[in-house]
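Engineer: Okay, handing you the structure first.
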């Protein structure tokens, strides 16, 4: 009997505890439900609906201006603190370690020979090649294009200019608050938007793909793509300024742009519709590709077809020949460059003989580093880095359409387009192949230097024979 009484008392106590806890659990569930309702209502009203109609409330612009004022205040605080402690805030830094003047090989060799008209080969010529080789090792203008662009001041992110070495207590507290805002509020919001945009893209393009080919299908496809890309742009808090929109790419042409990041596609596709070109992938990317091609004639190649240049050129030519199809978007560099320069354009897309629409893209590194170092970071890690930045701010310039001139080969045309993009975007125009990021120097580059030196020798022999 005593054991039974103890058991009954414990049972009554458990019932009492459950009776007290049940209202608490109900209150927690109710609060969570209200939170999710408010969260998705805000997403729908302020982000998704404006993305559908292509309008903006200007919230991101105000946010960007606030960040600029915050960075300016932080810079003043750092400069004042460094001055009070009699310290140098920044170490001297320059993009070029060695000062170089644009002088031709022939001029430099003649200068080293001091104008002497000796036989074809002179021992002093060796010193020219030795000096240029050492300069290339010390100040490698190619390798540094595949590392993050350096900043002139701190942007309250972990990655900063290595010259900066003074942080006050107040700035440290501000940095900690920024971490909470970026990872506690902005990151969950952006991840939600990213999944919303990608999910809608897959579902809606699959539905549009069920429609018969015609104007209605093309119209719906354009609207769906624009809406979903604009949601993805908002997932990065991207603030984009488009210039010279009258030069936007038109059907029957190819749009070429410099390449800094995979999000270049989203940046351009949120302002106009394009036919994408790429290799067939598996996994989530494959699902997205298969859904997109149902609604719009994108050009996807199998792995075995990518190296077949004639097949690739034929499919591109067939696409641009049909003026009812969207312009093709291509990044001729073939790899991501760190927002400071434009490297060699592959000639394939310039051999087709259609109108080329150049586009220059330049990111503002103060708000976040858009460059994707694919040899260091995977795609997921990179996207996490993007979504935890303050914002992605960039400018896009649509250049006038360009066509191949008479007597101009594909390489010369590609270099002319590249120079125009570099000039408009304020980027360095480099002749080097972006493939050097992972490969060795091609024999063609070595042969070019040998030909230049041969011309110097042959030229000097011809001059002597004439005299």
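Glycine is no exception: its Cβ is also placed from the backbone N, Cα and C atoms.
The structure displayed is predicted, hence computed values, not measured ones.
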Engineer: For which of the residue intervals 6-23, 24-41, 42-59 does TrEMBL record transmembrane segment?
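Structural biologist: Residues 42-59 are the ones TrEMBL records as transmembrane segment.
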Engineer: What range among 167-185, 224-242, 243-261, 262-280 does TrEMBL describe as transmembrane segment?
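Structural biologist: My reading of TrEMBL: the transmembrane segment range is 167-185.
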Engineer: According to TrEMBL, transmembrane segment applies to one of these ranges: 364-381, 382-399, 400-417, 418-435. Which one is it?
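Structural biologist: Going through 364-381, 382-399, 400-417, 418-435 one by one, TrEMBL flags 382-399 as transmembrane segment.
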Engineer: Per TrEMBL, which of 128-148, 191-211, 296-316 is transmembrane segment?
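Structural biologist: It is 191-211 that TrEMBL describes as transmembrane segment.
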Engineer: Grab the same-chain neighbours of the transmembrane segment (191-211) for me: Cβ-Cβ under 8 Å, and only residues 6 or more beyond its ends, written as numbers and ranges.
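Structural biologist: Hits for the transmembrane segment (191-211): 39, 43, 47-48, 217, 220-221, 224-225, 227-229, 231-232, 234-235, 287-288, 291-292, 294-296, 383, 387.
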Engineer: How do the residues of the domain 'Phospholipid/glycerol acyltransferase' (253-364) split into helix, strand and coil according to DSSP?
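Structural biologist: So the counts come to 35 helix, 25 strand, 52 coil.
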